[in-house]
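What TrEMBL says about this protein:
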- ARG49, GLY50, ALA51, ARG92, GLN199, ASN250, LYS251: substrate binding site (BINDING)
- CYS160: site 'Transition state stabilizer' (SITE)
- ASP240: active site, proton donor (ACT_SITE)
Amino acid sequence: MEHTFLQSVTFKEGTLYILDQTKLPTITEFLEITEIEDAWDAIKQLKVRGAPAIGIAAAYGLLLGLKNAPEENFDSFYGVLKENLTYLETSRPTAVNLFWALKRMDERAKLEREKPVAEIKAALEEEAHLIRQEDEEVCRSIGEHALTLFHDGMTVLTHCNAGGIATAKYGTALAPIYLAKEKGWDIKVYADETRPLLQGARLTTWELMQAGIDVTLITDSMAAMVMHKGLIQAVIVGCDRVAANGDVANKIGTYGVALLAKAHNIPFYVAAPTPTVDLDTKTGHDIPIEERGMEEITEGLGKQTAPEGVKVFNPAFDVTPHELITAIITEKGIIKGNYQEELPKLFI
Ligand SMILES: CSC[C@H]1O[C@H](OP(=O)(O)O)[C@H](O)[C@@H]1O
């Protein structure tokens with residue numbers, strides 16, 4: 001039986017509803033957002049997070065910025081649209097889905113430019129809903145392809161949260177776990193806590209427990225030991241941007257997990273929706289890595305955990321070189337190496 005997923009981002013009658021992921025796992029609360037500034041803040045503060053969910057939220061957030069846009073002619077309307085696009089693009093720099101979704105909204109507006117502005121606004125709402133619906137289908141397809149690499153009774157390790165609440169539904173890295181349960185398989189999960197914001201401890205464990213899936217929480221520093229003990233048969237993670245050569249940006253700590261997997265001869269899989277593949281970014285060196293505030297590290301556990309004035313480096317992502325990636329699992333199939341040549345075929 002299919003699990004009933006909580007939808008982290010929805011839009012209805014001019015209101016953007018966002019599951020506030022900063023309150024999980026103890027409080028399940030939805031924000032009712034009617035202003036683009038609040039949509040921007042929700043993305044910036046990771047109230048909505050996860051590359052696909054960020055793209056969906058940005059598309060809906062754009063609608064909020066357009067509700068009072070002038071309707072006399074296309075050019076004046078489009079000027080306001082571009083201002084709002086640029087504003088939303090400043091919320092977070094790494095997940096390419098944000099830019100992909102906003103570009104798609106921009107292109108839809110231009111496609112409809114001959115219509116009355118009121119109809120263009122309706123078309124843009126339709127496009128945002130399409131982005132969300134398509135993501136749901138993409139994630140399920142990623143799960144189906146990933147299942148061909150998994151088997152009943154295995155244990156996988158994941159880092160951060162690439163689950164249902166990071167997407168429209170199912171997740172990317174967690175999609176095969178949910179589909180495995182639908183098939184009656186027993187796949188166990190080890191979830192890295194994922195410091196500093198604890199997406200693994202707070203979100204992945206919460207999601208999987210809600211679905212009745214066997215999940216074990218470990219600290220990031222325990223990943224090596226559980227692999228060494230032979231407890232892990234595969235690693236699967238999500239991603240925020242895949243460069244043209246197959247280098248992958250994902251939550252900070254992913255690179256270390258990939259190195260550990262290599263050292264223990266454990267396959268390392270990246271679940272990647274096509275919109276997360278960015279052929280315009282040539283290698284991982286070209287991916288902008290978001291740096292966030294020091295308080296996420298020095299106060300993130302609810303108390304001061306470092307001396308006042310300590311220097312802090314807080315990159316929210318790192319880059320895993322393509323050489324460490326066993327396969328990139330997309331909704332269109334599984335790519336096992338040769339990424340420079342194979343990734344462009346996703347767009348044919
Ligand atoms: C399904 S994409 C999830 C991806 O996004 C996360 O980053 P953040 O929590 O900062 O939005 C993380 O990198 C996950 O792998």
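Placement of Cβ uses the backbone N, Cα and C atoms for every residue, glycine included.
TrEMBL entries are annotated by machine, without manual review.
Positions of TrEMBL features highlighted on the structure.
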residue: ARG49; record: substrate binding site; DSSP class: coil
residue: ARG92; record: substrate binding site; DSSP class: coil
residue: CYS160; record: site 'Transition state stabilizer'; DSSP class: coil
residue: GLN199; record: substrate binding site; DSSP class: helix
residue: ASP240; record: active site, proton donor; DSSP class: coil
residue: ASN250; record: substrate binding site; DSSP class: strand
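Neighbour counts were taken as the number of other C-beta atoms within 10 angstroms of each residue's C-beta; across the binding-site residues ARG49, ARG92, LYS251, the minimum falls on ARG92. ASN250 (substrate binding site) sits 5 Å from the residue listed as 'active site, proton donor', counting Cα to Cα. Shown in sequence order, LEU46, ILE54, ALA95, CYS160, ASN161, ALA162, ALA166, GLY238, ASP240, ALA316, PHE317 are the same-chain residues outside ARG49, GLY50, ALA51, ARG92, GLN199, ASN250, LYS251 whose Cβ sits within 8 Å of the Cβ centre of the substrate site. Ranking the binding-site residues GLN199, ASN250 by C-beta neighbours within 10 Å puts ASN250 at the top. Screening the recorded positions ALA51, ARG92, CYS160 for a C-beta under 6 A from any atom of ligand 1 leaves ALA51, CYS160. Neighbour count (other Cβ atoms within 10 Å of the Cβ, all protein chains): 30 for GLY50 (substrate binding site).
A simple way to gauge crowding: the CB of CYS160 (site 'Transition state stabilizer') has 29 other CB atoms within 10 angstroms, across all the protein chains here. Only GLN199, of the binding-site residues ALA51, ARG92, GLN199, have a C-alpha within 10 angstroms of the C-alpha of CYS160 (site 'Transition state stabilizer'). Cα of LYS251 (substrate binding site) to Cα of ASP240 (active site, proton donor): a span of 8 Å. Of all Cα pairs drawn from ARG49, GLY50, ALA51, ARG92, GLN199, ASN250, LYS251, which the record names as binding substrate, the longest spans 17 Å. Around the Cβ of the residue listed as 'active site, proton donor', a 10 Å sphere holds 30 further Cβ atoms from the protein chains shown. Using a 10 Å Cβ-Cβ cutoff, ALA51 (substrate binding site) registers 30 neighbours. ASP240 (active site, proton donor) sits 5 Å from ALA51 (substrate binding site), counting Cα to Cα.
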